[in-house]
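Colleague: The domain 'Cytochrome oxidase subunit I profile' annotation in TrEMBL covers B:10-521. The transmembrane segment annotation in TrEMBL covers B:30-53, B:106-128, B:153-179, B:191-219, B:274-295, B:307-332, B:344-370, B:382-404, B:416-438, B:458-482, B:553-571, B:577-595 (among others).
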Amino acid sequence: MRGWMGKFRSLILFGALTLFLSGCGVENMTALKPEGYGANLLFDLMMISIAIMLFVFIIVMAIYTFVLIRYRQKKGQEDYIPKQTEGNKALEMIWTVIPIILLLVLAVPTVQATFDLADTGAKNDEDAITIEVTGNQYWWHFNYKGQEITTSQDLYIPTGERVYLDLKSSDVIHSFWVPSIAGKMDTNPGENVNSMYLEAFEEGVYWGQCAELCGPSHSLMDFKVIAVSPEEFDQWVKDMQNVDPEAEPKTASAKEGQELFNNNCMSCHAIGSGGAGIAPNLTNFGNRTMIAGILEPTKENLVNWIVNPDEIKPGNQMPANLVSEEEASKIADYLLQLKHSEVTPDSAGDNNQK
Amino acid sequence: MSTAVAQNRGLGAAIWDYLTTVDHKKIAHLYLVSGGLFFLIGGLEAMIIRIQLMEPSNNFISAGLYNEMITMHGTTMIFLAAMPIIFALMNAVVPLQIGARDVAFPFLNSLGFWLFLFGGLILNISWFTGAPDAGWTNYAPLSTTSPGHGVDYYVMGLQISGAGTLIGGINFLVTIVNMRAPGMTYMRMPLFTWTVFVTSTLILFAFPALTVGLFLMMFDRMFGSAFFDVALGGNAMIWEHLFWIFGHPEVYILILPAFGAFSEIFSTFSKKRLFGYSAMVFATVLIGFLAFMVWAHHMFTVGMGPIANSIFAVATMAIAVPTGIKIFNWLFTMWGGNIRMTTAMLWSIAFIPTFTIGGMTGVMLAAAAADYQYHDTYFVVAHFHYVIVGGLVFGIFAALHYWWPKMFGQVLSEGLGKLTFWLFFIGFHLTFFIQHFLGLIGMPRRYWTYQEGQGLELGNMISTVGAFLMAIGTLVFLYNIVQTAVKGEKVSGDPWDGRTLEWAIPSPPPHYNFKQTPLVRGLDALWVEKMEGKNGMTPAEPLGDIHMPNNSILPFLMSLGLFIAGFGFIYQVDNKMWLILVFIGMGITLGSMLTRSVKDDLGHHIHKEDLEKGAGE
C-alpha cells in the first residue's frame, strides 16, 4: 500500500503545483491570460479540451485505483488462479463509443476556431491595416502596406481592430508568436506567404518570440507588439510618415554620430520608410523597448552591441568592430535621440511592464 | 559442418563470435549494449541541456553548442537508443514467442545491426568535428545552409543507420508471417509479437520516406542540387512533409512494441489472459494505419490552410479511440486478477497514468487551432516526453526486467529495480509535468536561454532537479546490471510463471531455441499446457537434426565499407581527394556482397545424437 500512497501524494502535489503555476508567468507573455481575440478563442478551446480530458482521466484513475487496491495479491493467495475472462463485448463497445462522442464534442469547436482564425479575407479592404512581417536571423521586419512605414522589432497596432499580417521569411523558417494576443504562425522562405490577424483588447506591450529553431540566436529573437488606442495609433502613423531621415540632431556628438552612421551603417540599415530591409530599419529607434530585442535600452548596452554584436547574438549578420568604441558611442548618441513619435511604449498604459 | 560452436571462451574468441554472429539472441545482446551506450550519451546531452536552462541568461554552454546538444539528444534518443533497444527486445523475444528456431534471414539480421551501429558511430564522431545543429527534425533551409559538416554527418549517419532498421523490419515481417510454430494462427500470437508485426510493417512504409528525404538533403548539401532552395525554385516544405511522413509513424514504431510488452506483463503478473485480446489486436492495427494519416499535425502552423488543418486535426483525434481501448483493456486485465507487484509490473502500472496524461495532451495538441499556442513550445516538449519516456522508456525498463532472465539467465535485483523505478518515476514527473506550464506561459522549445523576469525561472529549476533524479535512477539500474552479473545466480526457464512460449525453454535458451518445435493449442500456449497439468509444450515433430546458419563476418565488413565511404562523401565537398575513401569503402562493401553472392553457404546441422546428449548449448 505504501507505494500507492506515495503516488497519490505526488499526484496531489502536482495538482497543487498546477494551481500555483496557473497564476504564474508574466502577464503579457502567457497564453493563459488572453488579451486578444485569437488568444481568447484559443484559451476557450484549451479549456474545453482540458475539461473533456480531465473527465476521461478521472474515470481511468478511478478504475485504476480500485483495481490496484482490490486485486493486489494478498498473503496466502500465491497459488490462486483467477477466472480467465476473454473480454466483454458490451464494455468494449462503451469505451469505444463514448470517446468517439467526446472527440466529436471537441472536434466541432476546433474546426470552427481553425476556420475563424484563417479568415483573413478582409485584409484587402481599403481601411484594413495590413502589415508585412518578415522574419530574419534574428530580427523582425515590419512593413505597413500602403502606409509607407517601415519599422522593426516593435510592432505598433491599434486596440479593438483587426490588424492583418502577411508573414514571410528572408532566410530560414521562423515562427511569429505573441502568446497573449494570438497564436503563432510560421514565416516561410520563398512564396509561401502566410496570413493571420491580431486583435488586442487592451493597450499594452506584449512580448513576442520566435518559435521555430532558426540558428544559434533563436532564443534571442524577441520582439514586442505595442497596442495603443486607435487615436494614438493614428498619431503614430502620422509621425512615422513624416520622418525626415536627414534631420539634424541637436548635440554635437550626435551630429558626428549621424555622419558616422551614414558612412558606415546605411548600406544595410535605414531610417525612414526606404531601405533594402537587409538589416533592421532604425526609425524611431530611441523609442524602442529593447535593443536587439533583449537588452535594456541604455547607451552602454547599445555601444556594446554595435562593437561586438556576435557576443550578444551569436551568428547574427552584423560585422564586429566595424567602428571603434569611440565612434560607436557617437552613433549611439545619434540613434538614441531618434524619437520620431510622441506615441511610445509608455503610451500603452498600465500593462506595460518593460 | 559439425556441431562446432566456439568452445574456446577466450576474450578474442568471444569478440570474434559477436562480430560474426547471426544468432538472433546474440544480436539482441549487441543491440542492447550499443543502444544502452547511446542512451547514456543521449542522457548526458539531456543533462547538459537541463544544466544550461537551470537559471536565466546562463552561459554554461554557448548557443551554437546548445543547438548541437538538442539536435544530437533528439536524434540519439530516437534513432540510436530507442530503436535499437526495441530491436534488442524483438530479437530476444519474437522468435521464441512464435516457437521458431531463428529469424527468417539471420544474415540480414546481423547486417541490420552493423549498419545501425556504424551509422550511429558516424553521427557521434561528428562531436569531434562539429555536430549537426538544425534540430533532430533538421528543417530546411536551416539545415541546408548550416555551415560546417554537422548536417552532413546527420544525413550520412541516419541514412546508413536507417537502412539497417529497414532491413531489420523486413526481416521480422517475414519471420512472423512464415515461421510461426504449427497451430499458432494469427489470432493466437502473443500481443508482443503482434505489435512487432505491425511495427515492422510501419518500418517498411515509413523508412523509405526518410531515405528519400535524406537523399534529397544529401544532394542539396553535397552535390549542388536545389530541392529545398527557394532561390533556385525549390521548396523547403518538401523536407517537412517527407520528414513527418516518416517521423509520425516513427513514434508508433517505437511505442507499439512497448504496448506489446505491457500487454504481456499485465497478463502474466495478473495471472489472467489479456482482456479483449481481439480488440487489442484490432486497436494495434488501427493505430498503425492511422499513424500514416496524420503526419501533418506537426505542421499546423506552417500555413496549410484551415481545410487541411481541420482534416488532420480530426484524423489525429481519432487515434485516441484505439489507444483508449487499449488502456481500458489493460485495466480490465488486472480487474479480477491476482496482481503481483514485481518491478516489471511496477513500471507497467506507472505507465498507465503517465501515458494517459501524454495521450490527453496529445488530443489537446490535435485541436488544430489550439496548437497555434502549443506548437514549438515546452508544452510539446512535455507532451512527447510523457509519451516517449512515459510510454516507451517505461516500457523498455518493464520489458528488460521481465525478459532479463530469458536473455541472460539471471533475475535483476528486485530491490534495486524498485529503487530505480521510484527515482526515475518521481524525477520524470518533476522534470516534465512542469514543462506543460512553461510552454503555456510562453517558453518556446529549443531555447538556449531565457531572460530574467519572464517568469520562467522556477519551472526550469524544478525541471532540472527532476532530470538529476532520473539520471541517478539510471545509474542505479546500471549498478543493478553489474551486481546481478557478478552474483551470477542462475534461474529456471520460467521464473515468472509465464504464459507464452518463450518460458517453455531454458534460460538463456540454447542456440537452436526449441529442441522440438512446439505444438500451439491456443492463446497463451504455455498456460494452456500448464492448466492441463503438463510441465512443458507438446512437441509438434519428432526429435531430428536441426539446421542452423553459419556465422559470417560479411555483414560487419559491408557496414564497415559504408562507414568508410560515408566520410568520403562528407568531405569530398572540401577536396576531391576524399573520393578515394568513397572508392575504398564502396569497394569493401560491394566486394563483400559479391563474395556473399558467389560463395555457397549452406549452414550446418546439429545432429540428433548431440541433441539427445544435451550438447550444443
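In case you wondered, yes, glycine gets a Cβ from its N, Cα and C as well.
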Colleague: In the same chain, which residue numbers or ranges, 6 or more beyond the ends of the transmembrane segment (B:382-404), come under 8 angstroms Cβ to Cβ?
Modeller: 77-78, 82, 85-86, 89, 92-93, 251, 254-255, 257-259, 261-262, 264-265, 268, 342-345, 347-348, 350-351, 354-355, 357-359, 361-362, 365, 374, 410-412, 417, 420-421, 424, 428, 431-436, 438-439, 477, 484, 496, 502
Colleague: Would you say the transmembrane segment (B:344-370) and the transmembrane segment (B:30-53) are touching, if the rule is that at least three C-beta pairs must lie under 8 angstroms and be 6 or more residues apart?
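Modeller: No, the transmembrane segment (B:30-53) and the transmembrane segment (B:344-370) are not in contact.
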Colleague: Using a Cβ cut-off under 8 Å, which residues of the same chain at least 6 positions beyond either end of the transmembrane segment (B:106-128) come close to it?
Modeller: 20-24, 27, 30-31, 34, 38, 41, 68, 72, 75-76, 79-80, 83-84, 87, 91, 149-150, 153-154, 156-165, 167-168, 170-171, 549, 552, 554-556, 558-560, 562-563, 566-567, 596
Colleague: Other than its close neighbours in sequence, what residues sit by the transmembrane segment (B:553-571), given a CB gap under 8 Å and a spacing of at least six beyond its ends?
Modeller: 19-20, 22, 107-108, 110-111, 113-115, 117-118, 121-122, 149, 152-153, 156-157, 160, 164, 218, 222, 578-593, 595-596
